[in-house]
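Asker: Sharing the feature lines straight out of TrEMBL:
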type	residues	note
DOMAIN	26-63	domain 'Essential protein Yae1 N-terminal'
REGION	71-97	region 'Disordered'
COMPBIAS	71-80	compositional bias 'Low complexity'
REGION	150-188	region 'Disordered'
COMPBIAS	157-176	compositional bias 'Basic and acidic residues'
Amino acid sequence: MPQQSTAPDPFDTLLTLEDTLYTTAYTHGTRDGAHAGRIEGRVFGLEKGFEKYSSMGVLHGRALVWNARVSSPTSPSNSSGFQELESERRSLPTLKPNGRLEKNIHILTHLTDPLTFSTENSEEAVADFDDRLKRAGAKAKIIEKTIGKTTSTALSPERKGDRKGMKLAGEGKKDENIEDFTGSRFLS
């Protein structure tokens, strides 16, 4: 009768090698992915936050310019140096007096004032900021329509003039897209 040995089988480690390597690689990958995900998420959050605050700053600057164009001219100062600076400075054309326009500019100025909104990273503060940004953008469009001028940012490259976002066939470079069949002889 053969004796059973209590020594471990030398092939056990080879037979479970794939499972062992898979498990350790999965564990390391999960840990490294979580770490990289936090870093990438932070960078993405900072980029999006900067874009939002930059947009709010642009709207606030436009509101201040419109407010300066609507407000009545100030009384001249007694200082001759101030008068010389005023004469050298370009003046903005004033806007026609309009109660609704003044009200919209006033609201836009208060919506975009940096001292009136929170910069905390909480759900409530972010939702409030996003709501203000959306409302401020709508007010800016209303003011632009009232004044009768649009800015270069209002028309995207696809929306030129009266086209309403339609891209006409034949515009742009040929071979721009693999699905660009405008010059195909098979479609004629």
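Cβ atoms here come from the backbone N, Cα and C positions, even for glycine.
Remember, it's a predicted structure, so these values are computed and weren't measured experimentally.
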Asker: Along the domain 'Essential protein Yae1 N-terminal' (26-63), what average pLDDT does this model show?
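Answerer: A mean pLDDT of 94 is what the model gives the domain 'Essential protein Yae1 N-terminal' (26-63).
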Asker: Per DSSP, what is the residue count of the domain 'Essential protein Yae1 N-terminal' (26-63) in each of helix, strand and coil?
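Answerer: Summed by class, the stretch gives 38 helix, 0 strand, 0 coil.
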